Structure formats: C-alpha cells, structure tokens
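Read through the structure below, which is laid out as structure tokens, and then see the notes.
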Amino acid sequence: MAVNYSAKEEADGHPAGGGPGGGATAGGGGAVKTRKPDNTAFKQQRLPAWQPILTAGTVLPAFFIIGLIFIPIGIGIFVTSNNIREYEIDYTGVEPSSPCNKCLNVSWDSTPPCTCTINFTLEHSFESNVFMYYGLSNFYQNHRRYVKSRDDSQLNGDNSSLLNPSKECEPYRTNEDKPIAPCGAIANSMFNDTLELYHIENDTRTAITLIKKGIAWWTDKNVKFRNPKGDGNLTALFQGTTKPVNWPKPVYMLDSEPDNNGFINEDFIVWMRTAALPTFRKLYRLIERKSNLQPTLQAGKYSLNITYNYPVHSFDGRKRMILSTISWMGGKNPFLGIAYITVGSICFFLGVVLLIIHHKYGNRNTSADIPN
C-alpha cells in the first residue's frame, strides 16, 4: 500500500507579528525567538512513505520462487564441491604409531632438524592443477594483540621503519639492541616446515615438481610488501637489523632468487595474511599439469618427506598437508551448497503449508458476530 503525505499550506509555526505594534517584543522591538522546527515536510516528518501489505497473493509466490531458485543453485554448488579431489594427511605425530612421533617435541632451535616420511596412496587421479596447502589447528591468528603485532610501513620498504619499528611489534620489536626485521609476533611465528612430495613406482621414487611462485596475492606481492629502497644487495640493505627470535636465518636469506627474497618472499607473504579462524590452511606450493593426456597426480603410491621444524605440541595444535584441486567456486566446501538447499527447502515447505492454510481458511468471513 502506498501512503502519501503532502505538505499543506500551513503557518510556519512562528509567532505572528514582528511588524509595528504586532507580536511580542523584548528589549525594545526584537521578535521573540522560538525553537519550533520549520514547517517543512522533512522536519515535520511528512515525507512520502510506502508500506507493503502482505497478502497471500504476494507472500506465497515469493516463498515458492525463492525455493525454486535456491534449491537448484544449492544442488549445483554441492555437486561441484563433491567433484573436487582432496587428500589430507595429518603429520603432527601425536599417535605413537605415526612416523613423525619422534619429532613431536621439537623446538624452534632444534639442531639438527628432525625429518620423517609418510607413505600414502591416492585412490583417484588428480586431473587438473593441484594445490598443496599446509594446515594448522588450534592456532588463533585472529587474537587482537597478535593481529596488531606488525609494522606495515616496515614491510612496505620504508627505511626509517626498518631501523625504528612500530611499538605495536613489542615484545618482538628489538633483540640485543637491534631492530628486528620483520618485527612482530606474526612474523616471529612463521611456518617453516619443509614438505617434499615423491611418486613411487616400481620401488623408484620420482620427485614431484613443486612451484613456489604464484602462491601469494598479486596485490600483496606487488603493493603491500616491498624490500627496503636502495641500490645495494639485500644483505647491505638489511644491515643494522637482526632476524626474528624464532627464525633460523635472516629475512634476506629466505630464498636464493632475488625476486623471491626478503620481504617479497611469497611463503612469508602468505603467512602474514592472518586467518580468521583457529583451524585454517594456507597455500604452500603449486603442482601444474604438464600434459593434457596425463593427470597431474596419477593414482598410485606416494611419499611425503617432512622436515619437521614447526612446534605445535606445546599449544595442543595439529599440522596437516592437503592436496586439492579447485573449481570455479574455489576449493572443496560443501557448506555453501547445503546452506542454499536448506534455505530453499524451508521456503518451499513454508509455501506449501501457507498455501494449505490459505486454501482452507482464506475464504472464511472474518467479521465477528456481535451478540445483542
């Protein structure tokens, strides 16, 4: 129903007078001021308004239309999600039978590093490009103090922030009277396990090529993260700084390739994008399909070699490796499809119930008989 309010020609609400001999005056002739709002449609709350009237003729079709739209969309998303290949290995080593159990109690400074190997079998081939992720559980990257513990100016290559990091980085701002680069708790806790994948055929191990470039967002790689400005090599540019406390080597030694070293190292950039939930995964490597005639990872036996550097047992965390393909909607996530199907089904069911009620009671006389 449309309800229109039109401003009528009315008095402005101010006291009459102001001319000679008319109206109240104060102190010799000024008009008495008033706090009453002006007589306008806006200030007097007379703007046009529209209010829908909910009838069976409008509500029932809306329920059925929503149901008929949401259910097919949900089925399509759910089927697409189920077609994504995914394989997950938990290599925390909590179980005594796990090959990585010997590495469970490693610390940040454990030398030599602990290594373990987990053999597994892929029942189905992975046809398209494969994405390798590492996953952590019970790790709260969304903690307020943790999220703030970084210096974006330093990470963007500002030379003054390099030698004088933000106080938000405390207690990982300086070490031994030298500024830490990169500073903060996020950088200090960077994931540093090394994962290697091998295909086993006829007792022969063949290394799977893992691509380490292209795993970070373009805007992060080219805009948010920059190395310090200067013409020298990274060792000279980072002179006067020290590495994070838990790192085994400084930031300018993260990679041998200049375009993937320092603050623009893609493993580092991926880690610095904090997760919203305590159980998360981050992209580690890419496995590209080399031939349209051969699957990227064919069904068969594989082994995962792990250099176990990252301690999680102290906070009851878990670590895992995930191999996954993707689709137009991203990675495997059945929740979205289930949500669409559920909402569509509820709307369709309510439409049927309300249609029955309307058919049974809609034509009854609603006027009340008042006895004499």
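Cβ coordinates are placed from backbone N, Cα and C, and glycine is handled just like the others.
Annotated compositional bias 'Gly residues' per Swiss-Prot: 15-31, in sequence order.
Annotated disulfide bond per Swiss-Prot: Cys100-Cys116 (among others), in sequence order. For Cys116 (disulfide bond), other Cβ atoms within 10 Å of its Cβ number 17.
The Cβ neighbour count for Cys114 (disulfide bond), using a 10 Å radius over every protein chain in view, is 17. The annotation disulfide bond is assigned in Swiss-Prot to Cys103-Cys114 (among others) on the grounds of similarity to another entry.
DSSP classifies Cys183 (disulfide bond) as coil under the three-state reduction. There are 28 other CB atoms within 10 A of the CB of Cys183 (disulfide bond), with all protein chains counted. The feature disulfide bond is assigned by Swiss-Prot to Cys169-Cys183 (among others), with similarity to another entry given as support.
Of all Cβ atoms in the protein chains displayed, 12 besides its own lie within 10 Å of the Cβ of Asn105 (N-linked glycosylation site). Taken from Swiss-Prot, the feature N-linked glycosylation site covers Asn105 (among others).
Marked as N-linked glycosylation site by Swiss-Prot: Asn119 (among others). Look at Asn119 (N-linked glycosylation site): DSSP puts it in a strand. Long-range Cβ contacts of Asn119 (N-linked glycosylation site) within its own chain (separation 6+, distance under 8 Å): Ile200, Lys301, Tyr302, Ser303, Leu304.
Look at Swiss-Prot and you will find Asn159 (among others) tagged as N-linked glycosylation site. DSSP gives Asn159 (N-linked glycosylation site) a helix state.
According to Swiss-Prot, the feature N-linked glycosylation site maps to Asn192 (among others), an assignment based on sequence analysis. Annotation note: Asn192 (N-linked glycosylation site) sits in a coil segment as assigned by DSSP.
According to DSSP, Asn202 (N-linked glycosylation site) is assigned to coil rather than to any helix or strand. As annotated by Swiss-Prot, N-linked glycosylation site applies to Asn202 (among others).
Within 10 Å of the C-beta of Asn233 (N-linked glycosylation site) there are 11 other C-beta atoms, taking all protein chains into account. As annotated by Swiss-Prot, N-linked glycosylation site applies to Asn233 (among others), with the evidence given as sequence analysis.
Look at Swiss-Prot and you will find Asn305 (among others) tagged as N-linked glycosylation site, backed by sequence analysis. Annotation note: Asn305 (N-linked glycosylation site) sits in a strand segment as assigned by DSSP. Around Asn305 (N-linked glycosylation site), the same-chain residues at least 6 positions away in sequence with a Cβ under 8 Å from its Cβ are Thr115, Cys116, Thr117, Leu195, Glu196, Leu197, Tyr198.
Taken from Swiss-Prot, the feature region 'Disordered' applies to 1-36.
According to Swiss-Prot, the feature topological domain 'Cytoplasmic' maps to 1-58 (among others), an assignment based on sequence analysis.
Positions annotated as topological domain 'Exoplasmic loop' by Swiss-Prot, on the basis of sequence analysis: 80-336.
Swiss-Prot lists 358-372 (among others) with the feature topological domain 'Cytoplasmic', giving sequence analysis as the kind of evidence.
Here the transmembrane segment (59-79) has long-range neighbours at 329, 334, 336-351, 354-355, 358, meaning same-chain residues at least 6 beyond its ends whose C-beta is under 8 angstroms from one of its own. Here Swiss-Prot flags 59-79 (among others) as transmembrane segment.
Cα to Cα, Cys114 (disulfide bond) and Cys100 (disulfide bond) are separated by 9 Å. Nearest in space to Cys169 (disulfide bond), taking C-alpha to C-alpha distance over the glycosylation sites Asn159, Asn192, Asn202, is Asn159. Of all the recorded positions in the record (Cys100, Cys103, Asn105, Asn159, Cys183), the one with the smallest CA separation from Asn233 (N-linked glycosylation site) is Asn159.
Looking only at the recorded positions Asn159, Cys183, Asn192, the one with its C-alpha closest to Asn202 (N-linked glycosylation site) is Asn192. In the three-state DSSP classification, Cys103 (disulfide bond) falls within a helix.
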